[in-house]
Every structure is written in structure tokens, then in C-alpha cells.
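Asker: Straight from TrEMBL, here's the annotation block:
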ACT_SITE  His147  active site
ACT_SITE  Glu249  active site
Amino acid sequence: MTALQQPLALANDSGIATVYHQGAHVASWTPSRQDPVLFVSRQANFVEGKAIRGGVPICFPWFGPGRNGDRTPAHGYARTTPWRLVSCDDAVAVFALSQDDFSDEARQAFPYPFACEYTVTVGSTLTLELATTNTGSEPLEIEEALHTYLAVGDLRSVSVDGLDGVDYVDKVTGQESVRQEGPVTFTGETDRVYRSGEPLVVNDPLLGRKLHITMTGAANTVVWNPWTEKAKEMGDFADEEWTQMLCIEGANALDDFVTVAPGETHRITYSIQVETV
């Protein structure tokens with residue numbers, strides 16, 4: 001296996017981040033005078049063609065096994081394909097990906113013309129924007145997610161505000177529609193696709209902070225944590241690390257896939273800001 005090249009570093013007075021060309025993968029973000037905000041497993045793979053366990057993987061052009069459950073690899077090809085660096089300064093990096101950048105295997109699996117542009121803006125806020133343009137002559141159907149791994153002090157003391165009253169698909173139990181009551185708390189394996197892209201607050205009393213998350217262009221919020229047993233099954237994840245992370249993802253998945261008309265562009269954005277408490 002070939003190790004990934006050193007990541008691109010974006011550093012300014014307000015924050016610092018690292019981004020790998022493979023997957024345009026944001027691997028870290030630390031605002032000035034704050035603790036790191038993103039989680040990366042100490043057993044993560046940093047090799048060509050392997051997804052990185054942590055940071056912000058880009059799921060595209062499908063999410064998980066796709067809405068029909070028959071797509072491989074999980075989460076599509078964007079996260080393991082090298083993206084082209086378009087521009088970069090100390091605060092903003094822009095990456096591009098098109099059908100031409102895909103491998104033969106990926107083009108066979110997804111033989112549709114597209115052009116993605118991914119903008120990473122680093123400072124006291126981390127803002128990510130994925131813009132997908134349909135460069136073909138037929139409607140383009142995509143699923144997508146910014147699969148953000150947040151670092152937390154202890155998951156069992158964390159709660160998430162902003163999803164009260166929202167229906168979700170529970171992928172652990174197989175229930176198609178469950179209504180959230182009150183804040184989201186964690187007592188076991190969690191894998192939910194909420195039908196909302198509204199603002200959220202992740203309350204982390206152990207780290208003494210609130211993470212304010214806002215999204216645009218996202219019909220879904222995915223909340224995921226493997227808990228104890230699934231953590232043991234993951235080769236790129238340490239057994240006890242489930243207490244240290246929580247995925248809060250902006251997505252368009254399952255029945256909320258996006259159809260992009262020829263020549264049109266769809267944008268999804270995801271921003272995080274830290275409040276010390």
C-alpha cells in the first residue's frame with residue numbers, strides 16, 4: 001500500500017485545518033485557542049484507495065449502499081479518489097472532481113457526466129460547500145453526505161438539540177419512521193437518518209463547549225455512533241474510541257436523493273462554530 005501524500009495545511013490567526021487531496025478529505029480543524037473539533041481514529045488508514053476513518057469524508061454519488069441497498073463501495077467513490085486542487089490560500093481551498101477523475105471501475109458504476117467543486121473555508125468557523133453540476137444532457141440523480149466526525153469528551157454525556165419532533169429512519173432497528181422526542185442522547189448503537197437539515201447544537205459538558213452546526217441544501221441529518229460491539233468489528237477504529245466521537249452529517253440520502261437538471265448546480269453546505277461554556 002502507498003501512503004497518502006502530506007495533507008494541505010490551511011492556517012491563519014483564527015484557525016488551522018489539514019486537507020488530504022484524496023477525497024478532498026478534511027482531516028482536522030482547530031479554531032484558535034480551542035481544542036480540536038474533528039475526530040480521527042488512531043487506527044485510521046492513510047493509504048491510497050482507503051477511506052480515512054474520521055474527519056469529513058465526502059459521500060458521493062451515493063450514501064451507504066445507496067437508496068436501493070445494492071451499491072458498492074459504501075458511500076461511493078469520491079472519498080477514495082484524488083481531487084484536483086484548484087486554488088488555495090491561508091483560509092480557503094477549492095478542489096474539483098469530475099467523471100474524468102474517476103477510475104474505470106467508478107465510471108462503469110456511475111456513468112454519468114458531472115463536475116463537483118468543494119470549497120473548504122477555515123477560521124473560527126469551518127465551512128464546507130459541495131457544489132455538483134450536471135454536465136450531461138439527462139437529469140442526474142445523486143445521494144451525498146458530508147460525513148463529519150466530531151470529537152466529544154464522552155458520548156454518554158453528550159446531547160444534541162434541534163431535532164425534537166423530527167421523524168427519522170432508524171437503521172439499527174429497521175424502523176422506517178420514528179419521531180424524536182426531546183434532545184438526542186446516546187445509550188446504544190445509533191444510526192439514524194433524520195428528515196431535517198435545520199440548525200443543531202451539540203452539547204458537550206466534559207469538553208465545556210457547544211458545537212453549533214448549520215447546513216443548507218441538506219434534506220437530512222445523519223446521526224451515527226457504532227457503540228461497543230460494532231466498534232470491535234471495525235479494523236480501522238480502536239475498540240474504546242466510540243466514546244470519543246459522534247457523526248453529525250449533512251446529507252441528501254434514501255428517498256431524499258437530489259435530481260440535478262442538465263446544466264444546473266446543486267449545493268450542500270455544512271458549518272461548525274464552537275461556543276465555550
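Glycine is no exception: its Cβ is also placed from the backbone N, Cα and C atoms.
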Asker: Name the residues of the same chain, 6+ apart in sequence, whose Cβ is under 8 Å from the Cβ of His147 (active site)?
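Answerer: Expected: Val56, Pro57, Ile58, Cys59, His75, Arg79, Val222, Cys247, Glu249.
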Asker: So, in DSSP terms, is Glu249 (active site) helix, strand, or coil?
Answerer: strand
Asker: Looking only at Cβ atoms, how many others are within 10 Å of the one on Glu249 (active site)?
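Answerer: Counting Cβ neighbours of Glu249 (active site) within 10 Å gives 27.
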